[in-house]
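I have placed the structure first, in the form of structure tokens, so that the comments after it can refer back to it.
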Amino acid sequence: MSSADPQVETVVDLDAIAHNVRVLAGHAGDAAVMVVVKADGYNHGAVRVGQAALAAGASELGVTTIAEALRLRAGGITAPILSWLNTSDADYAAAIAADIEIGVSSVAHLRAVERAARATGTTATVSLKVDTGLNRNGVSDAEYPQVLTVLRGLVDERVVRLRAIFSHLARADEPQHPAIDVQRDRFLDAIAAAKDHGMQPELVHLANSAATLTRPDLAFDMVRPGIAAYGLSPIPEISDFGLRPAMTFRARVTLVKHVAAGEGVSYGHEWIAPHATTVALIPAGYADGVFRPLGGRIAVGIGDALYPNIGRVCMDQLVVDLGDNAAGVREGDSAVLFGPGALHPQRWADLLGTIHYEIVCSPRGRVVRRYLGDIAQRGGA
Ligand SMILES: *Cc1c(COP(=O)(O)O)cnc(C)c1O
């Protein structure tokens, strides 16, 4: 690393993203692939991930908010984009103007889209999100007949075009769980009910990463993976499915020093040197996404070796024990917090009682993002 490198960074391998999208497309069969790039591409960078995914064979992108969708358009992405989590006072006119497909979950959402479409004189592209048992986002059973009636009128008037009907699974990471089949059956019923109302969606989709990789029977017209595109297995206890983690979280050693036997290290002196040793200071702390409860429980990769973190994780820094520092670790060396060559994000997740989704979403604040890979080179990174 050169002196121009940031002290703490995430490095995102866009070739890994492309590889993962090809793996997912292989499982999807004839179905198209929408890669989910919400939350700034699971904190990998939505625009660059989106470009890499589309170049690797994905045909659409999915996000939660309209603001996220507009940022993709501003980044030059012209592929179809679906946005599915917005309040009724969201800027639907902006979404329609940018040709964003709007997911609706209620009559109120649909009426808001209608007002924007009439005001702008442009047909809005809508996808109906139906709640089949997650009981979160999506049209409820109770409201569904009314939504279909209102939608039918708007489709007839060409105020709205019905692109898709879709839903989301609650227990896809338990591939044999009967709840999945209950949701599939309700999904099929919802599609049939739309047909009874004289409407035929252009496509239907249900599968997230876990279902894409384990339930090919649920691929329908399109799959909608997120986490697997970033190289993390949605069901780590079953398999890694040949996915390649795209994110490396790393920092540069800022100081190497000797610590005498009996000296305490970091706040509270929770670690006392049992003998004279050498320590390295890593400029990443809980403000950067290194969770404080990890203190004393993780290891950091420097060169070919893993060195244990000692003492508390602070806001801006943590300390690792180099022992006699036989490898000659020096200021400026790269120290990998998680990623290839060091701990897997799943290890952090296990230590924290969470899932790796939350781990890759955590680097923030001072952390600078950088891109790697042939796609990144061609993109001018
Ligand atoms: C986040 C999300 C996905 C992707 O889920 P993964 O488990 O990351 O594959 C798909 N569909 C919807 C509606 C989502 O909210």
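Positions of Cβ are set from backbone N, Cα and C atoms, glycine also.
Residues or ranges marked as active site, proton acceptor by TrEMBL: Lys38, Tyr267. The substrate binding site feature in TrEMBL is assigned to Arg136, Met315. According to TrEMBL, the feature domain 'Alanine racemase C-terminal' maps to 246-372. According to TrEMBL, the feature N6-(pyridoxal phosphate)lysine maps to Lys38.
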Including all protein chains shown, what's the count of other C-beta atoms within 10 A of the C-beta of Tyr267 (active site, proton acceptor)?
12
Quick check on the recorded positions: of Lys38, Arg136, whose CB has the lowest count of neighbouring CB atoms inside 10 Å?
Arg136
Just the number: how many Å between the Cα atoms of Met315 (substrate binding site) and Tyr267 (active site, proton acceptor)?
11
Once the chains shown are all counted, how many other Cβ atoms turn up within 10 Å of the Cβ of Met315 (substrate binding site)?
12
Using Cα coordinates, what distance in whole Å links Lys38 (active site, proton acceptor) and Arg136 (substrate binding site)?
17
In whole Å, how far is Tyr267 (active site, proton acceptor) from Arg136 (substrate binding site) when you measure between their Cα atoms?
42
